[in-house]
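Participant: Could you have a look at this structure, given as structure tokens, before my questions?
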């Protein structure tokens, strides 16, 4: 018995399904729905280029070629005008039906979060407590002046750095002055260590004494110089 011929299932591939088989070099329509695509007519000018138009309108060169049915080697100046495909927003297609959702979104954006409400209430409490305190009783100096490093602005940080540098300079200058004033005292304490220096310090300068021998030597030298 001959096997019964198999019939192709309904909705199969090919022409029965309604889809067109792609071939090399064929022009295929865009996969985007034509309802979401809006075409803008551009009048060509001598300085226009395909890349420049793509950058100007925010589309790709392939989209412009596909919309105007241009091949790769074709020049854009074969036509007087080019159609630029621009995708429209999905909300524009509802014709105002989505206005309620937009209003709800706007209300959600306007409403503050719980964290913001808590922080604002905390600030108000701090301000109220500060105003309730008498003017005479202020915060201690270390609490009033000390602020966290991450809360300091750039100018405050630079001012703090300058003050620290000036304080370090003053401390270094004071140390130098103390060192200069202490040097002579140390020097004077070193000299009297030897007994001869101690004797000179006590008795004063030793007077010169001339003996007969020194006198004769001096006379002989004078005679030699005279000759």
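Using the three backbone atoms N, Cα and C, a Cβ is placed for every residue, glycine included.
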Participant: Candidates are 13, 149, 181, 193; I want to know which one Swiss-Prot annotates as phosphoserine.
Facilitator: 181
Participant: Going by what Swiss-Prot says, which of 99, 113, 121, 129 is noted as phosphoserine?
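Facilitator: 99, according to Swiss-Prot.
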Participant: Across all chains shown, how many C-beta atoms besides its own are within 10 angstroms of the C-beta of residue 181 (phosphoserine)?
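Facilitator: Residue 181 (phosphoserine) is surrounded by 9 other Cβ atoms within 10 Å.
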Participant: Hey, how far is residue 212 (phosphoserine) from residue 181 (phosphoserine), Cα to Cα, in Å?
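Facilitator: If we compare the Cα positions of residue 212 (phosphoserine) and residue 181 (phosphoserine), the gap is 50 Å.
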